[in-house]
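Enquirer: This is the structure I want to talk about, given as structure tokens.
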Amino acid sequence: MNLVAPTPWGLFFQDSATPQMEGIEELHNNIMFYLTIILFSVTWMMITIIKSFVNTKSPISHKYMNHGTLIELIWTITPAVILILIAFPSFKLLYLMDEVMDPSLVIYGEGHQWYWSYQYPDFTNADGEFVEFDSYIVPESDLEEGTLRMLEVDNRVIIPELTHTRFVISAADVIHSFACPSLGIKCDAYPGRLNQSSVYLNRQGTYFGQCSEICGILHSSMPIVIQSVSLKNFYYD
């Protein structure tokens, strides 16, 4: 089983576990390709121009050059083409992420100061009530060996792999944000409003996230732990 969590001095993405996060990472890499070319091209041109002026003996060698049609066309059209090449994949990914799928499982999550509560409206307990629970951070004094400080919770969200799952997010008091980087989720939680995000986990594993909206003094004490299991274990365990 995979364990995906932040690492000290981490500079790159966490391992993606959903198609939407794979799309985000691919878009990022494509944009970085264009930005790298732009960086080196502009740097080369600036250095070339500076060296040209430094090596020119006459300080008025370009006195009568007040415009250049060709270069103006180049620096107008080239950025426009680059922006189009960036925009189309970005819009495609944006609309794919917003596409409403018919989920096999719905989980309702509500942010509180400073914990999360979850409800599985598709399941009921012996009393006929919806399955629901609260998820609090595990205090540092209660951590077991091998668990993660400021990220472990007492009750994890369990979802099956290879299943379309919809998270419906809200808040009970102030604005929160339900975020799990490896799943490509960042869903704002507003009091009195419902927001949603769909996921499709490619593999089993444990994935860590946090509240990503400053919500008070214990904002950093609202971790999110999502554990993906097989469909059989989800229904029978």
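Glycine too: its Cβ is placed from the backbone N, Cα and C atoms.
Below, the features straight out of Swiss-Prot:
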BINDING   H176, C211, C215, M222  Cu cation A1 binding site
BINDING   C211, E213, C215, H219  Cu cation A2 binding site
BINDING   E213  Mg(2+) binding site
TOPO_DOM  1-30  topological domain 'Mitochondrial intermembrane'
TOPO_DOM  95-237  topological domain 'Mitochondrial intermembrane'
TRANSMEM  31-51  transmembrane segment
TRANSMEM  68-94  transmembrane segment
Enquirer: Are there any residues in the same chain, six or more apart in sequence, whose C-beta is under 8 angstroms from the C-beta of H176 (Cu cation A1 binding site), and if so which?
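Expert: In sequence order, the residues whose Cβ lies under 8 Å from that of H176 (Cu cation A1 binding site) (at least 6 apart) are G111, D188, A189, C211, E213, C215, M222.
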Enquirer: Taking DSSP as the reference, which of helix, strand or coil describes C215 (Cu cation A1 binding site)?
Expert: coil
Enquirer: List the other residues in this chain whose Cβ sits within 8 Å of the Cβ centroid of the Cu cation A2 site residues C211, E213, C215, H219, in sequence order.
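Expert: Nearby residues not in the site list: G111, W114, V174, I175, H176, S177, S212, I214, G216, M222.
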Enquirer: Kindly report the helix/strand/coil residue split of the topological domain 'Mitochondrial intermembrane' (95-237) according to DSSP, in that order.
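Expert: Counting residues per DSSP class in the topological domain 'Mitochondrial intermembrane' (95-237), I get 19 helix, 69 strand, 55 coil.
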Enquirer: Quickly jot the same-chain residues contacting the topological domain 'Mitochondrial intermembrane' (1-30) by Cβ under 8 Å, restricted to those at least six beyond its ends, or write none.
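Expert: Same-chain contacts beyond the flanks: 86, 89-90, 93, 96-97, 148, 151, 181-184, 199-208, 228.
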Enquirer: Mind checking which of C211, C215, M222 has the fewest other CB atoms within 10 A of its CB? They're the binding-site residues.
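Expert: Result for the binding-site residues C211, C215, M222: minimum number of other Cβ atoms within 10 Å at C215.
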